[in-house]
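> Sending over a structure as structure tokens; questions will come in a sec.
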Amino acid sequence: MKVKETNSKPKLASRGTFQRKGIKIVGKWKQVTIDPNLFADGQMDDLVCFEELTDYRLVKNPSRLFSSEETKKRKAQAVSEEEEEEEGQSSSPKKKIKLKKQRDAARAAEGAAAQNEYEVKASEPEAQGEVTACSDQKVGGAKSESLAQAAPRKKKNKGKKKLDTFQSTSPKLPKKSKKTWMAEVHDQKADVSAWRDLFVPKAVLRALSFLGFSAPTPIQALTLAPAIRDKLDILGAAETGSGKTLAFAIPMIHSVLQWHKMKAPPIPRSTGMPPREMRFGATAHLGSPCKDRTESGVLPEEARIETEAQPSDSGVQATPETSASASAQTLLVCDDDAGEGPSSLEEKPVPKQNEDGEEKFDAEQAGKLKQELCDQIAIYKVHPRRPLLGLVLTPTRELAIQVRQHIDAVAKFTGINTAILVGGMSTQKQQRMLNRHPEIVIATPGRLWELVKEKHPHLSNLRQLRCLVIDEADRMVEKGHFAELSQLLEMLNDSQYNPSRQTLVFSATLTLVHQAPARILHKKHVKKMDKTDKLDLLMQKVGMRGKPKVIDLTRNEGTVETLTETKIHCETDEKDLYLYYFLMQYPGRSLVFANSISCIKRLSGLLKVLDVMPLTLHACMHQKQRLRNLEQFARLQDCVLLATDVAARGLDIPKVQHVIHYQVPRTSEIYIHRSGRTARAASEGLSLMLIGPEDVINFKKIYKTLQKDEDIPLFPVQSKYMDVVKERIRLARQIEKAEYRNFQACLHNSWIEQAAAALEIELEEEMYKGGKADQQEERRRQKQMKMLKQELRHLLSQPLFQENLKTRYPTQSGRPPQPVLASRNIESALSCLSRQKRRRKKPKEPRAPPQPGSSTS
């Protein structure tokens with residue numbers, strides 16, 4: 001039996017071209033009888049005969065498939081010729097001959113090893129559903145034919161051979177890492193003994209050691225034991241950056257591993273296969289590498305083996321040779337887009353080769369191999385396809401992507417497959433991901449409900465769902481938001497209800513209760529809601545039945561202890577001044593929040609004119625651009641990200657130093673989540689609020705809800721630099737307004753002209769936005785813009801923070817002293833604020849009372 005190799009991941013054909021394929025003939029051509037009456041008209045006189053072929057295979061890269069033996073023979077002949085030439089050349093140096101012989105011997109050894117290697121690699125099928133199959137060249141003594149013939153022999157080029165050897169010795173380029181805004185982690189080999197009492201699976205412990213998580217956080221320590229051991233529903237509330245993702249990811253992974261362990265089929269003893277080939281449910285919890293993909297108790301769908309019985313065209317009885325060749329026609333088929341699976345035919349007896357290089361099997365070896373294949377097929381067919389076992393729902397797309405990356409990192413050595421379903425991305429690609437039958441799906445409610453309504457097979461039966469997670473649940477169940485979530489929860493609790501399903505609900509503001517608006521409190525029969533009422537309402541909306549375990553680790557203030565809060569009172573027009581001053585005085589990774597997209601766009605244009613070059617993130621952006629901006633913001637050390645509340649919840653961006661509230665949030669929950677983007681994982685951070693006259697009401701509500709004991713300190717601002725900042729902001733506003741007005745006018749006028757051309761009508765000047773300007777007016781406007789930009793460019797070229805030296809005496813050169821740049825990088829915003837606090841806390845020294853009898857003149 002001889003099995004050919006094909007590429008595991010063939011390149012897709014380019015658009016507009018056809019991929020070359022060949023036909024592997026397995027059976028024989030049959031003559032088709034034709035009715036003689038069809039030849040009466042004389043239109044088919046040129047037809048000689050008509051034959052059909054029913055037993056064949058479509059193969060890719062046929063020249064490589066059928067000419068491998070010839071290439072091996074040519075290589076062997078070339079090696080022997082080179083050896084003869086080397087023996088005949090006695091005048092060459094001995095050292096060169098020795099090195100060349102060693103190199104040729106190594107090549108010959110590699111060629112022999114490649115011939116003796118007996119390994120099956122399943123190639124990835126095309127989207128059209130064609131199967132790449134490998135079979136023997138001889139079937140029933142008939143030699144197979146192909147449309148693609150072997151390439152003709154060519155003379156060897158020594159220069160090309162040298163180039164090939166150089167390419168083989170050159171180091172390979174490193175693989176591109178996955179795009180993510182999270183910090184890259186290498187193998188930390190941390191001590192995970194603190195996790196052992198929390199019933200964490202061994203495979204997860206290995207991943208935690210790899211990630212460097214030596215000890216659990218408080219929310220993890222209190223959640224894992226009741227969730228894994230007692231299988232209780234959890235309502236968890238903890239501060240931002242406290243590790244809530246792992247608190248629900250580890251119980252979900254444990255639940256999936258337990259399902260695989262229960263569903264694993266028993267190991268048959270009659271197979272005679274090596275123990276290494278039959279690693280099943282007994283090693284599901286040992287945490288072997290994920291490349292074997294067998295720790296979860298069953299081999300993956302990618303390694304599923306299917307056989308097809310080949311029909312015999314002739315009536316000749318099967319000989320041992322034909323039976324061996326028939327067994328060689330067993331197909332190893334992969335699921336669509338599933339990649340390579342583990343080879344199930346490793347360490348088998350190598351078939352003997354005759355002088356012509358053709359492989360022959362004994363009848364005994366063929367029988368053993370066929371029996372082993374049949375046993376494996378029986379095992380795989382006993383196990384059903386993997387259902388959906390874990391579902392995670394998140395409010396934003398970026399948070400869903402981040403949760404998926406966290407789960408993949410923890411499930412690194414478990415072999416569990418995950419998929420993500422979010423809007424803004426290709427629906428067809430996500431459907432193909434679901435076709436792989438992942439055990440865990442992370443999704444936003446909109447796209448998930450869309451695929452559920454389309455009745456995707458993997459989402460059609462949710463009764464086997466073992467774990468449901470709702471992250472940021474207080475936002476998800478708010479009235480007027482996520483209408484698809486209510487329909488999804490209703491389906492899960494009614495027609496797709498599973499009584500053994502575990503529900504985990506987490507949020508940083510799960511138990512925070514803010515005061516309702518006055519218009520609602522003035523109504524009749526309105527009861528003030530407390531923490532218990534809020535949790536009961538949440539349990540009712542989610543559909544929790546029974547009494548869950550409530551874990552509340554939040555403080556009354558809502559924010560973490562390592563967060564420093566400060567504020568600046570200013571007019572609305574002065575917010576741009578203080579924002580630009582802060583960004584220039586204290587550089588670093590700063591995240592600026594606003595309440596509206598229009599404000600984000602205006603700030604972006606203003607800061608770009610001032611050469612700050614910020615990044616933006618809001619709901620009207622394309623999803624790929626949103627992810628690209630997040631990755632760039634996490635990569636750069638000195639960068640500004642302007643974002644709406646899309647980026648307020650859950651995002652774990654490393655080393656964010658400052659969070660600036662350009663507009664005060666409307667609720668205290670949003671303020672807590674915004675401020676939680678910094679000061680994560682016991683690190684320090686700064687939260688700055690720019691409070692205008694219209695923000696005072698919202699600020700007082702937040703201050704009252706969070707029960708602040710002391711007033712939020714004012715941020716120190718050096719007023720001596722504000723005059724230069726005001727001049728820069730004035731020029732930048734004029735330029736930004738003029739450019740925005742010109743852009744809107746051009747956009748409107750171009751649309752009007754296109755519509756008029758389509759309707760074949762003439763336009764009047766009043767229909768143009770701002771009137772149809774003549775050339776003289778346009779030149780005057782451009783000249784004015786050029787002057788403003790030159791003036792601003794001159795101001796930007798001057799240092800903003802400088803100290804003017806004052807002296808009472810003339811200098812030696814007779815010129816005024818040069819200004820000295822202020823050392824703005826020495827002191828950070830946190831150190832400046834702490835220094836101001838220390839000054840305020842210093843007690844004033846009491847003045848000594850005047851002594852009696854002393855007089856003042």
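Keep in mind that glycine also has a Cβ here, set from the backbone N, Cα and C atoms.
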> Which residue from SER8, SER80, SER168 is recorded in Swiss-Prot as phosphoserine?
SER80
> Taking 10 A as the limit, how many CB atoms besides its own sit near the CB of THR245 (ATP binding site)?
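Taking every protein chain into account, the count is 22.
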> Long-range neighbours only, meaning 6 or more apart in sequence with Cβ under 8 Å: which ones does SER242 (ATP binding site) have?
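Expected: THR217, PRO218, ILE219, ALA508, LEU553.
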> My understanding is the cutoff is Cβ-Cβ under 8 Å with a sequence separation of 6 or more in the same chain; which residues meet that for GLY241 (ATP binding site)?
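Expected: VAL560, ASP652, GLY676, ALA679, ARG680, ALA681.
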> Any idea what the Cα distance is from ALA238 (ATP binding site) over to LYS624 (SUMO2 cross-link), rounded to a whole Å?
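So the Cα of LYS624 (SUMO2 cross-link) lies 31 Å away from that of ALA238 (ATP binding site).
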> Below 8 Å Cβ to Cβ and six or more residues apart, same chain only. Which residues does that give for GLY243 (ATP binding site)?
PRO216, THR217, ILE219, GLN220, ALA681
> Residue counts in helix (H, G, I), strand (E, B) and coil for the motif 'Q motif' (193-221), per DSSP?
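Summed by class, the stretch gives 20 helix, 0 strand, 9 coil.
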> For a three-state summary based on DSSP, what are the helix, strand and coil counts in the domain 'Helicase C-terminal' (576-723)?
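Residue counts in helix, strand and coil order: 65 helix, 25 strand, 58 coil.
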> Under 8 Å Cβ-Cβ from GLU239 (ATP binding site), six or more apart in the same chain: what's there?
ALA508, LEU553, THR554, ARG555, THR559, VAL560, GLY676
